[in-house]
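A.B. asks: Take this structure first; my questions come after.
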């Protein structure tokens, strides 16, 4: 506006000032109830406001609110970032402070409300408004009219079809728009309980409401303009309501659908109810056609006017617990008849709406909300309480309840009007009275409008002018309710609920956690699960952490040196293909459980992937090498995949099989065994290992129609191991060194996770700066990690203190998260520390500098040590690549056994690897990823295992020399034998050991199920033999106790030898003699399958050093003695232990 524009300015009624003479606006009283109103005389597009203090004074505003309106009533507060309502003002009387609105506002009236001002002065203001003229086409409907536009001339077809409009209404339901096309398909925009719903209807004449595609928005019946935009693309539909947007897939029926007719306002058969739209539409556009403008040319039905009727409705907002409105009672109330009506809106489940006293009889009436139900209570002096309530019978009281008409307090309730007399409440419901009813009277926070007493409307404008009643802490002529769940800040399907001042996300079924369901509950790979000590099994894998890809259940196969992700598809079995003259080709398609994005991410982040592709053939050629067109091919790779004409084991594009690459095919003239076309079975099999061609999506076999042709194929599951993200690390060896990356973009949600190890007591892990905002994570001391940030509300710090030092050169995990509700920090498994964000404050984190890792821009407080697996919002930063070109930083970081070595159990040895570690189980009787799986076998009566503790050639050369593996100077002075067993046999021989001198040791179960040890004076045996009833020559004292042929399951560890493991895993060695078909079994670690068999599981094992301290082994050793330490125990259905310790000489 220039200086000649006339701005009609209104202060509080009765306080109008000449701004030019007074040097600005300043009310007589400086308090929070003052306001300045500007009438722009027409609806205007406002883009900015500027404020300045009163000229030549100490009067200026430091903070204020902005309100906008089309009518001078029903004001709407303008908010920054959908949260912050206050605008910063001035710091002196002369400087101009301009604020550009993030989105232009269309309004005729502007109201500025002072919040705070110079404490040494008064409220003072000079105001300038920036904008331009606004024009539009408007139509008004009374609920029985409609606009119809038929596309007689089809507009040029574009890739995107768009319908856009604005609407305003006070009715919460009605059909807003209906678009019809060919084949009786239609799309409808329906307002229902203040939300906008998009429906797809297949049969326009059908009474069915159609299929709901998407629901968006809320509180849209507030008599303010709301912008709606519907875009139809070939694959999806976009619906935008104000600033919220949702995308849904286009139904297949609408992929080539064309709109032929658009109808607005009303339908003969509304989608959801008998209510048509009642309100105003503005700028209804279909692509580039203005339908309201065209409708003025006689394309409308019913009472349509092309201007917007503006019903005046004055609302009042109760903003906090101190808010109240007090009105005088009416003289008619003495006649014992009271009529009160109102409409209200709130998010709170409880609150006192109104209360008043009746003179005859003396009583108090209260209307309140409790547990989201509307209740009416009458207390009469000396008499029982009478209550009416909306709902069903409450189980905790004697009161009768009923539901309000619309069932939700988040929308304006229907008028509540009840006539009360001294004896009875005249309502069409049964009444019950009782003393057990409770009255939880919380303060009401919400909006009220259309308040009437005895059919007389209360003039709230007089209340605002202090001419009627009394009030405090109210917002007049505005409903200040905010929907904090639309759009929802709850991510990943978290359910949003809210109160007047806050919102809450329920993440219980989402698979995510945190205040906004941002961070994933699950790990990103099997590798990560393995390094938490998890063994093989099914786990939920979330490949992108807090990203959009949903977690899926995947099998993790943890081996000693790998953690394999095994991804199944719909057919991993061997499939036989029989010849068929009618079928020239056989096609197979493979569908994988993970979605496409997850599948691609797994392959990308894995170090290695492979998939078996096998083809067995008889007179069925494969690739038709070397020159012919291939009979068969497969499709693999990302997305739809690419046709591949090479076979497993060969190189891409080579048109070969594995035998062709190795030059050992059945026929040297061909590159595949099957291409030889022999009338005998041949095989072309192998592994596909090129990640760019995985996974296999389909397979086509061509040479199967000839007589005598036979084939079988198998496509195995996709298997991947290694996690490049998990081991991506950098070592910082100078305090002045750092890595830098592009600016971190985490305006509303930011999660940062990494692992570190160091010997330094302090250092900055990460820092990113903005003009005022910043984010930083640092090791502030040897036992404290600090997460600090500022989003414009002042610095915020979250600290976690550890009871043990963190600079111990072991890996420690850090996870920091910041969202609109809070900032949190977790270190290792310590309890997370949190700091709540202000309820009304800035929410956007605005950064503009580079992201610094391991240091700061000032090159101070740099970090010394290793940082690994650094992820920001689920995206891994490639520290290793950046470290390769950065002085003072080295890629990678060895030394993992110090942190993960404890995962290797049962004498397994941790082995360092470049990326990761592994457990060497060679010296353990166990196997598996962590040497945790027992090696067991099931024995029959004719089976035995003999284990030679000393090689036979040494025995033959000098039979009198004890085996060095047992009796050398380096061997322990005591020997430990541990075993687990399960059997139904009693008595039974578990273990027998003899010496060259035919001295022996035996372990048996007697007839009563007790474990007995039988021994003579022994030097430890050259042979360990078990269980071998028919194999052993036992002395007479043992003969009566030996069982008949029996069955039992045994696993064993003896000294540093692993007899059973050697027999099962290395049966070809020269120290093991196996009699009978010995096979590995899981019986050693399994629980009884059926309780009625009375099968009992026992364990006989003790760790070295667990012997009775009253029998010291060192002093008991003699060359001709044996010592048995520990007690035999029999515990039903338990796995206990027995130690058998033998020395050169000793007695029990």
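Please read every residue number as a count from 1 along the shown chain.
Every residue, even glycine, has its Cβ placed from backbone N, Cα and C.
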A.B. asks: Of 1051-1081, 1082-1112, which span is tagged region 'Disordered' by TrEMBL?
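C.D. replies: Among 1051-1081, 1082-1112, the range TrEMBL annotates as region 'Disordered' is 1082-1112.
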A.B. asks: Which one of these stretches, 935-954, 955-974, 975-994, 995-1014, shows up in TrEMBL as region 'Disordered'?
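C.D. replies: Range annotated as region 'Disordered' by TrEMBL: 955-974.
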A.B. asks: Which numbers of helix, strand and coil residues does DSSP report for the domain 'F5/8 type C' (1-132)?
C.D. replies: 4 helix, 66 strand, 62 coil
A.B. asks: Residues of the same chain, at least six outside the domain 'EGF-like' (894-932), with any C-beta under 8 angstroms of its C-beta?
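C.D. replies: For the domain 'EGF-like' (894-932), the nonlocal Cβ contacts are 527, 530-531, 533, 535-536, 558-561, 563, 607, 722, 727, 757, 809-811, 978, 1051-1053, 1056, 1058, 1060-1061, 1065.
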A.B. asks: Can you name the residues of this chain that are 6 or more positions from residue 866 (disulfide bond) yet have a C-beta less than 8 Å from its C-beta?
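C.D. replies: Counting only residues 6 or more apart in sequence, the Cβ neighbours of residue 866 (disulfide bond) under 8 Å are 729, 730, 731, 732, 756, 757, 758, 893.
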A.B. asks: By DSSP, what is the split of the domain 'Fibrinogen C-terminal' (517-569) into helix, strand and coil residues?
C.D. replies: 5 helix, 21 strand, 27 coil
A.B. asks: How many other Cβ atoms sit within 10 Å of the Cβ of residue 893 (disulfide bond)?
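C.D. replies: Here the count is 24.
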A.B. asks: Return the average pLDDT for the domain 'EGF-like' (481-518) as a whole number.
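C.D. replies: Here the mean pLDDT over the domain 'EGF-like' (481-518) amounts to 91.
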